[in-house]
Amino acid sequence: MKLGGGWVWRLLFLSSLAVAAMASSDEPSEADVLDGDGDMRLDEEEMQVLMADDDEEEEAMVTDEEQFDEDKDGDETSENDANVTFQVTYKTPVPTGDVYFAETFDDGSLDRWQPSKTTKEDADDEIAKYDGKWMVEPLKENKVPGDQGLVLKSRAKHHAIAAMLDKPFVFQDEPLVVQYEVNFQDGIDCGGAYIKLLSDSGSLSLEQFHDRTPYTIMFGPDKCGEDYKLHFIFRHKNPLNKDMEEKHAKRADVDLKKFYTDKKTHLYTLVLNPDNSYEMFIDQSSVSRGNLLYDMVPPVNPPKEIDDPNDSKPDDWDERAKIPDPEAVKPDDWDEDAPAKIEDPDALKPEGWLDDEPEFVSDPNAEKPEDWDEEMDGEWEAPQVPNPSCETAPGCGEWKRPMINNPQYKGKWKAPLIDNPNYQGVWKPRKMMNPEYFEDLQPFRMTPFKALGLELWSMTSDIYFDNFIITSHKEVADRWASDSWGLKKLVASANEPGIFSQLLMAAEERPWLWIIYILTVGLPVGLVVLFCWPKKPVDDYVYRRVDQPQSHIEEEEEEEEGGEADEEEKEAGAGEPAAGVTIICWCFNFAAVLSFTLIITAAFLFKAQDEGESQENNGQGDNQVGADNEEEEMEEEEEEEESEEIKTPERTLEDEVRVSCSVCLW
């Protein structure tokens, strides 16, 4: 069937849609840097400040990943500058409110920090020293010139470093907000990136900082094997015996694996409130929340009652809920000796069964080996082979009836079970008052702390830390993040691979996606080959026939008398019905657009999943715009339908195909 050249522009239209979708997915948003909850946004004024051309500030050129190669010469560098997609200006963040500690490392020094000079207890002498190296340097990838961080440089070594706060934090009526950045630049095999808030004690010495140094809170990521954790541990003081006990928060509510493997800078935040509530954030998206009184393990307050350790179960205590019926009697016809299988009495020996022929015979072609020693090896016997006489017979040897289940078999008789009249339930020891019981309704009132430290062991090097801040106001921490982590996120987003690269990466992690890709591409291609491949014209087929039927000649004469309109329709349609072709075109266009939509939608879903971004704050505005767009589309669709109804003149086959395909694509 001939469909004309209209398919060319339709395929070009689909290709243009794909290119537009890729371009839109690759373009970073320069106006907004949103967190998972929509708490942090760069408004227009802030973006203008970031985009300002200040010679005194350093600029970050955001290009493709290949354009960040430090080994390129000057000519290549100038060529890369010409391909810069956009520029962001970095300026060392300054806290906007009252803080207890703030560190950016942008000055390149560790004057404020004190590496530990002691050794780790209960460790071999070879690895007991805290001799792991620390350096201040920029990120390996997605770097922002002028921004530096603290990097753990050694692997398979103990690291310890700490810094004093500007002033001690005392748990009274103000919340505690702790926030910092971590980037596992080389991934992570086994190790942590958590921090410790060292307790305010008279004996605290940063040079002697080790694993047993008292701390108030430990917070941050940790991983070993396939166990991905986000620690929040606080040490609670028992008011009775004054012992310090570690209380662990419940596990995070989300899968943390991607934060350890994507080699991006992630923001970790802990908010602890005076009402004993806490919440943990990653990239400003909440991953866990709870209460110090109810969601810690072990609980802060012990139970009032405990089992009496001196209580024991009585000898006559009956815990059996069911017992055999003592009055039950085995029936007289119960045969416990009956076999489970018996010979089938109805079986008959097949005709032609060779009873006198053995199933196996000695191999007549076998010969005794020359080195066979009958004194040592015994009398030689030829190996056995299947009897060739049995190949054409139903069987050889002694015939035996097949075995079947014995209908009389009942097995060993057992008395049925009945409820135990003496059942007393499962025995439990009696309760007694807990002599160690206490009630602390304000576990937030923890031990004050005055230093921040990192005491880590890692099998992977180049773990990047940056932009520590401790404050009492979440807004201060959010503003600090927008001036620091927000720019890193913007740069990383700009350097992300395109949509097809993301699809390939997603298929590497989820091999089943290849099936969807093949179906998505193969479905429209198959329909094109099936329905739209050029076929032999009907006129050629008629030309090769020797005799034309008389009825066909009469139909041609009637068509010639039908007028010019019928003649044009005949030439355009080649004798084929327009309705069938229209349905085929509708089906093809629908399948093609559906396939295109599926693959583009899948790409955006995977991209949204990897970024972990929430759009709650933008929901209302987007919904309003979406509603307006839907109303406009509905009005346009109604106008299109009315115009289709008004157009009553007959169309040629090619017009039918073009209108149908255009409406479907629209």
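Any Cβ shown, glycine's included, is placed from N, Cα and C.
What TrEMBL records for 1-23 is signal peptide. Residues annotated as region 'Disordered' in TrEMBL: 52-80, 295-399, 549-574, 612-656. Taken from TrEMBL, the feature compositional bias 'Acidic residues' applies to 52-79, 370-380, 554-570, 628-644. The disulfide bond annotation in TrEMBL covers Cys190-Cys224. Annotated compositional bias 'Basic and acidic residues' per TrEMBL: 304-349, 645-656, in sequence order. Annotation source TrEMBL lists transmembrane segment at 512-533, 583-606.
Around the Cβ of Cys190 (disulfide bond), the number of neighbouring Cβ atoms within 10 Å comes to 14. Mapped onto DSSP classes, the region 'Disordered' (295-399) shows 7 helix, 19 strand, 79 coil. Long-range neighbours of Cys224 (disulfide bond) (same chain, six or more residues apart, CB within less than 8 Å of its CB): Cys190, Gly191.
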